[in-house]
Structure formats: C-alpha cells, structure tokens
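A.B. asks: Dropping the structure in here first, questions after.
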Amino acid sequence: MSEKKSLFITYLLWLFLGFFGVHHFYLRRDRHAFLMWMSCGGYFGCGWIRDLWRIPEYVRECNEDKDYIKQLTAQMRRQAKPSSGIVRFCAAIIISHIFGYLVIGAIPEELIPRIDFFKAYICSMSVPLAVAIGVHTVGNVGRHKGSITYALLGAYLTAPLYFFSTNSVFWTSLLSTIIFNKYGKQWRRTPHPKSSLFKRSTILCFCAILYLSLWCSWFYFNCSLEDKNEQTIKCRDAAKNFLKSPAVQEFRQVFEELRQYVAIHGWGGLWKEIVEAFDPQGEANALKVLGLQASATQEQITARYRNLSREWHPDKHKDPLKKEEAQEKFMEIQQAYDVISKIRNQRLRNNKRERNNPI
C-alpha cells in the first residue's frame with residue numbers, strides 16, 4: 001500500500017513553494033504542478049489562492065479515502081462524463097492561449113526567408129498544435145481525462161484564420177476547448193499508474209526546458225524595445241549593453257569586495273558592518289550634524305557644540321521665520337551632542353572595566 005500523504009505537509013508546501021506547484025507534485029498531480037509553475041501560481045496567484053480550500057479534497061483523492069471514493073463513484077453513476085466547470089473551462093482557454101501566443105512569439109523571423117509569406121503557414125500548423133496540448137493538459141488533471149484527438153480537431157478547424165490574421169489564438173483556444181469538453185472528456189476511473197520519483201522529475205524537467213526554450217527564442221529573436229530616441233533595439237543587444245554598463249560593473253566590483261571581506265572577517269564581521277552602517281545608535285548622524293569626524297576627541301566635540309549653540313541660539317534671531325528655523329537647528333545640535341556624549345561616556349566606562357578586569 002502506498003504511503004499516505006499528509007494534509008499538514010501539503011499546506012506547508014503550498015505556503016512556501018505553492019507558486020511553483022510543489023504541493024501538487026507531492027500529491028502526484030504532475031500536470032497540475034507544471035501548470036501552476038508555468039502560469040506563475042495559477043495565473044498570477046489565482047490558482048494558488050484557490051488551492052487554499054481545494055487541498056483537502058486533493059489529499060483525500062491522492063490517499064483514495066473511502067468516503068471520497070464513495071462520493072466519486074456515486075457522482076460517476078449520476079453523470080456519464082464529468083461536467084465542465086467554469087474554472088477548468090477558463091483555465092483551458094488561458095493556458096492554451098499562452099501556449100499559442102508563445103509559439104508565435106518564438107518563431108525566429110530573422111532566420112526565415114520571406115517571413116511575411118511563410119509565417120501564416122507556420123502559424124496555421126504550429127499554433128493549433130500548441131493550443132491543443134494546452135487544452136489536453138488542463139483536461140487531464142485529476143479525475144478528468146480525454147484524448148488529444150478532439151482538442152486537435154477543434155484547434156485545426158481554425159487553421160485557415162491564420163492566413164488572415166495571426167491574432168486568432170483565442171478562437172483556436174475556444175473551439176478546441178469546447179469540442180474537447182463535448183466529445184473527448186470522460187472520467188478517469190482508475191488512478192494514474194505509479195511512477196518513480198526520478199521518472200516524474202525527468203518528465204517535468206523536460207517539459208519545463210521545452211517551455212523555457214520557447215521564451216528564450218522569443219527573447220533572442222523577437223523581443224525588442226524603444227529607447228528615448230524611439231529607436232528599436234533588440235532585447236539581446238540591450239542585455240549585452242546592460243551587462244557592460246557602469247552600474248553593473250560597479251555592482252560586480254562591490255560584490256567582489258564583499259566576497260573578499262567575508263573571506264577575511266567571516267559572516268559575523270559582515271553582519272557587524274551592516275549593523276554599523278545602519279547607525280542604530282545615531283552616532284554617525286550626530287557627528288554629521290556637528291560637522292565632525294569619527295576621530296574627534298571629547299574636547300573637540302564640546303568646543304564644536306558650544307560654537308554651534310551660540311551661532312544658532314534662538315535669541316540671536318529677531319525674524320520669526322529665522323527664529324523658528326534656529327530653534328529647530330538648536331534642538332538638533334543639542335540632541336546630537338547628547339547622543340555623542342552618551343556613547344563616548346559608555347565607551348570610556350567599558351574600556352575602564354576591561355582594563356580593571358582583563359580576561
């Protein structure tokens with residue numbers, strides 16, 4: 001008997017890795033996991049939020065809970081085939097829509113001669129296939145299943161539209177989804193055959209690489225942007241220039257200096273530097289207000305404080321606006337002096353204590 005899946009672990013995976021579909025992979029819902037990953041959490045988080053109340057049913061299905069199987073069996077007897085819910089219907093259109101336009105965007109137009117003539121032929125053959133794969137993938141999640149034949153049939157019925165406009169993906173997705181749901185969908189009466197973790201991971205990785213390769217093709221061949229002079233620049237060229245930009249070079253230099261600092265002083269030393277950079281005690285800001293360096297002695301601090309206090313004393317200013325400004329500056333100087341004096345006195349006490357009690 002297979003190991004029962006934990007509801008707690010599923011929710012834990014959903015909370016921290018849900019956008020990547022890891023909780024579905026844990027429940028052996030591999031298609032669902034891939035769809036969740038490629039659509040950024042189920043169409044930018046919508047599917048991830050929906051899983052919040054759907055997970056208990058998914059766990060019961062995976063564990064073949066007796067009550068769940070009893071309810072499912074009764075539902076199968078009432079309905080010859082599963083109904084097409086609005087969520088799954090919309091998901092099929094959205095996912096297939098993404099696949100269709102991604103294929104159009106991935107066509108390397110600069111490598112194909114007479115692209116204006118051949119693009120319609122390429123789109124009419126490749127886009128319906130991509131759309132059908134999307135519809136079939138969504139339609140085979142969970143206890144639903146169906147042959148890709150009907151998804152392909154519905155998709156290729158719209159192939160002539162691409163000779164008039166490549167922006168026909170929606171109609172391809174819609175017709176493919178409708179025909180698949182009407183003629184191809186049926187109940188999955190037996191669970192998916194058990195496969196090893198290695199096999200499942202390999203298949204998912206292959207699908208992910210194929211999906212990402214389409215994005216890479218779009219970025220390299222067809223992605224472009226306009227600069228401030230309204231000149232079109234390929235994204236691949238912009239990326240090269242960005243990597244050579246002064247900002248990136250400076251970042252690399254800072255990163256290398258940071259790496260060397262950690263190698264010498266360790267992560268503890270780095271954390272200490274970060275804390276000091278945030279100036280939690282306000283010493284750096286106080287020195288800035290008084291116009292002093294960190295190496296200033298207590299005598300220099302006191303002398304500077306007295307000079308600034310005389311300069312910005314409110315009684316020296318008759319104009320109401322300048323008097324108000326002087327009052328704020330005077331209080332700022334007073335606070336800065338108090339902060340520095342307190343910190344310096346504390347350091348003196350600590351140094352004296354260390355001299356009297358050496359380790």
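Placed from the backbone N, Cα and C atoms, the Cβ positions cover glycine too.
So TrEMBL lists these for the protein:
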- 6-26: transmembrane segment (TRANSMEM)
- 86-108: transmembrane segment (TRANSMEM)
- 120-139: transmembrane segment (TRANSMEM)
- 159-180: transmembrane segment (TRANSMEM)
- 201-221: transmembrane segment (TRANSMEM)
- 285-354: domain 'J' (DOMAIN)
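Can you walk me through where each of these features ends up in the structure?
C.D. replies: Proximity of distant same-chain residues to the transmembrane segment (159-180), defined by a Cβ-Cβ separation under 8 Å and at least 6 residues beyond the stretch ends, is recorded for 89, 92-93, 96-97, 100-101, 104, 119-120, 123-125, 127-128, 131-132, 134-136, 139, 146, 150-153.
The helix, strand and coil residue counts that DSSP assigns across the domain 'J' (285-354) are 58 helix, 0 strand, 12 coil.
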A.B. asks: Which one of these stretches, 6-26, 86-108, 201-221, has the most C-beta pairs shorter than 8 Å to the transmembrane segment (120-139)?
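C.D. replies: Top-ranked stretch among 6-26, 86-108, 201-221: 86-108.
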A.B. asks: Quickly jot the same-chain residues contacting the transmembrane segment (86-108) by Cβ under 8 Å, restricted to those at least six beyond its ends, or write none.
C.D. replies: 35, 38-39, 42-43, 47, 50, 119, 122-123, 126-128, 130-135, 137-139, 141, 144, 166, 169-170, 172-174, 176-177, 180-181, 211, 213-215, 217-218, 220-222
